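K.L.:
Take a look at this one; I'll ask things after.
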Amino acid sequence: MVFFSRMDFSQGNLFGYIEDLQELTIIERPVRRSLKTPEEIERLTVDEELNDIERAVYLLSSGQDIQGTSVVANLPVLMRQNPAETLRRVLPKIREVLHVAGVEMQLTAAVSFLTVLQDESVSIHTYSHSFLHIILQNLEHRDAGVSNAWLETLLAVIEALPKETIRHEILNPLVSKAQISQSLQSRLVSCKIMGKLAYKFEAHIVKREILPLVKSLCQDVEYEVRTCMCRQLEHIAQGIGTELTKTVVLPELVELARDEGSSVRLAAFETIVNLLDMFDADDRSQTVLPLVKSFCEKSFKADESILVSLSFHLGKLCNGLYGIFTPEQHLRFLEFYKKLSTLGLQQENGHNDNQLQLQTLEQEKKYISVRKNCAYNFPAMIVFVDPKNFHLELYSIFFCLCHDPEVPVRYTMAISFYEVAKLLNSGVYTIHKELVTLLQDESLEVLDALVGHLPEILELMTTNGGENSGSESKLLSIPDLIPALTTAEQRAATSLKWRTHEKLLQKYACLPHIISSDQIYYRFLHRMLTIILTNNVLPVQKAAARTLCVYLRYNRKQEQRHEVIQKLIEQLGQGKSYWNRLRFLDTCEFIMELFSKSFFCKYFFLPVLELTHDPVANVRMKLCYLLPKVKSTLKIPSDKHLLQQLELCIRKLLCQEKDKDVLTIVKRTVLELDRMDISLDAFQKRFYENDLLDQEKERQEHLLLEMEQLEKEKQQSEGRSTNVNDKIFEKKRRDNKTSSVLAKSMTLSVSGSSSGTSAGKEDKKSKLVRSQSFSTQALHPKYSNIDKCPNKSSATGYTSSVSGMGKSCMLSFTDDTFRTRSTGNSGNATFPSSSSLTTSRNSFNSADQKNNGNKESQSRKMSIKNRKSNP
């Protein structure tokens, strides 16, 4: 009873159930139809004892279309294996089948014939005898796609054919195929073939046998033929030379430029632009320039179809005709470009209030394309007006294009931004604001386009940044750069386009050459560490890890370096997640690539070895792959104890490893480690170049440490002298009666303190100057060179240690861009260094001031004690 009470047998519900069942039946039908019947399977079955040639002949004779198509696709393989039998038995069958073949087999055959030619399976004579006739027969196929496919094959074949074969097999039949009585498809094919033949024959043969056909096709009754022939005139002109071009081709172009068909006029205009280099000054001024002016005038009035093409070629056109322009014409073309650059924006900006009308979607797309082309031509227009006149003539257009409401326009400006910056050179400071604008663009496509050359752009702006390009005020040249960079990274991080994020992080490795070490430490370095710990995309994590290592390498303060190293070891190497420990090993690879051997041995060697006890097999496996690189950082005998630790860990792995995959890799790694040679402290012939690099890096590191220490002492001495002057000034205010005495004592105290340490300060001053000059050359090499030496490693280091590390370490801070150059037979090497950023920075962060607070207070106490002791 309960069951029947819950069921509803009303008529509506019953029909609903029936409809559901019918839908299920419909869903199953395609599955049933897709199954092959036994008869079909029997027809598709081929005797396995047949060889490749016999099977191909059988399938072409009695097989289905799909089997025949597979044979045609396999033709290049058959030609390589057995060319004689393939030509004798298979190719005739293919020729027969192609008469009735469908589109798919025809397209496959065109590609296979071209592949046979490219593979050079047979001689060109055999190919022309066996394959050329089949290609020519199928040129006029009723399907346009098939005809074009065979035409592309023929044009490629013409490149390889001898002249006599071309004359008899192609050129002679072409005379009849190009006649007006032939089909439209035949005449179109003839146009394209003649454009190719112009390169193969001498000018007098082209003039006698080809040019009459060209003139005839230029006067064809069908606009498609005239358009096609017009586009081939460029190739014909390049084949016959400048003299025949002037007397034959140019008059035809002039006539076609006045054709009634818009597509013909467009083809004539583009051909004229592409042939500008072949016309002399008279032809340009008397023939080409009037035509171009006519095109420009009609583009806005009667012939908008040419507007997009005109905007695309305008840069090439203006620079090609630059020498014949009068000042008035120069200004007219510049104004025309400006008008095109804002086409379609007047109504939005309120400049065209009297002509408010709805634009069609097609017009809007056309105007967007025009502005995009103007953005593409912007570097050419800078050359046209001269970079010196950029701010006066083109900056307003540059601003509009960078703020264009359409993404394609801004995207094009972002791509060409680097070219613009290079052209402006010392005037690049005028486009700082637009750089920041594009960095903050809402579209990630624009950001991705800009980031491609971001390091080069920033370098140009810091080295050629006008008045603010000095070494002490790099940040002043681009005041909003850091917020724009951080905003761009955060927007890329929150999007789903991880490749853009990865690219951005890779390019941010250039920042040590652009902004100060403190700014990088507080605004970017910790962000990189956060990305490594929290991001879920492996390429992004690796990019952040490498950039972090670059930041660490160029950091100027030991305290900050030590803090970052400790965080890497604690949060990555000793992290709870095995994923973080894997990223720690990736980071160690970058450390070995960018830093010296002693840096890695001092800070990361033992933490890496600790991962041999990791509970996760993947971590131990990755470590095993890394062990050869780890061993290469050792130097004997100074690192003998580390070598013993490495050997001990390997023995434990061999004895205690239970995972068979890891054990297999361990055994393979042991064999590789046994074959490795270890560097010695003394120079060796086979490591001579690396040892020289290592020695040079060690000298550089000592200079860097010395420079840092001397800068601290200099700051302390400046602070101490300032405190003495302040105290004396306060005492002078309290005791006006003895002001003269105080002034004398102040002079004596200052001069005494300076004279008492004059000898030591002179020595320190010379060291500081030497260190600063070194820093200018070695501390900031070109960012592009960082990626060029991944296999370079060296050993040198610092003598300081990090608290809480549990082991002695040496900190390396090197320049991996040094290269050795052999000088004759002497074996000496020079180390050219890249020059860029300066060593001193005038802008300090508040955090740095807090760190120096205790030192200043101590100096104040010392000065008070001195005053009390010497009243």
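Each Cβ is built from the backbone N, Cα and C atoms, and glycine gets one as well.
This is the feature table in TrEMBL:
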type	residues	note
COMPBIAS	727-737	compositional bias 'Basic and acidic residues'
COMPBIAS	745-758	compositional bias 'Low complexity'
COMPBIAS	791-801	compositional bias 'Polar residues'
COMPBIAS	820-832	compositional bias 'Polar residues'
COMPBIAS	833-846	compositional bias 'Low complexity'
COMPBIAS	847-856	compositional bias 'Polar residues'
COMPBIAS	862-871	compositional bias 'Basic residues'
REGION	711-776	region 'Disordered'
REGION	782-801	region 'Disordered'
REGION	819-871	region 'Disordered'
REPEAT	210-247	repeat 'HEAT'
REPEAT	249-287	repeat 'HEAT'
K.L.:
Tell me the residue counts in helix, strand and coil for the repeat 'HEAT' (210-247), as DSSP assigns them.
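P.N.:
When I sort the residues of the repeat 'HEAT' (210-247) into the three classes, I find 33 helix, 0 strand, 5 coil.
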K.L.:
I need to check the long-range neighbours of the repeat 'HEAT' (249-287): which residues 6 or more away from its ends have a CB within less than 8 Å of a CB in the stretch?
P.N.:
214-215, 218, 223-224, 226-227, 230-231, 233-234, 236-238, 240, 242, 295, 303, 305-306, 309-310, 313, 316-317, 320-321, 323-324
K.L.:
With helix taken as DSSP H, G or I, strand as E or B and everything else coil, how many residues of the repeat 'HEAT' (249-287) land in each class?
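P.N.:
Helix, strand, coil within the repeat 'HEAT' (249-287): 32 helix, 0 strand, 7 coil.
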K.L.:
Take the repeat 'HEAT' (249-287) and average the pLDDT across it for me.
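P.N.:
Residues in the repeat 'HEAT' (249-287) carry a mean pLDDT of 91 in this prediction.
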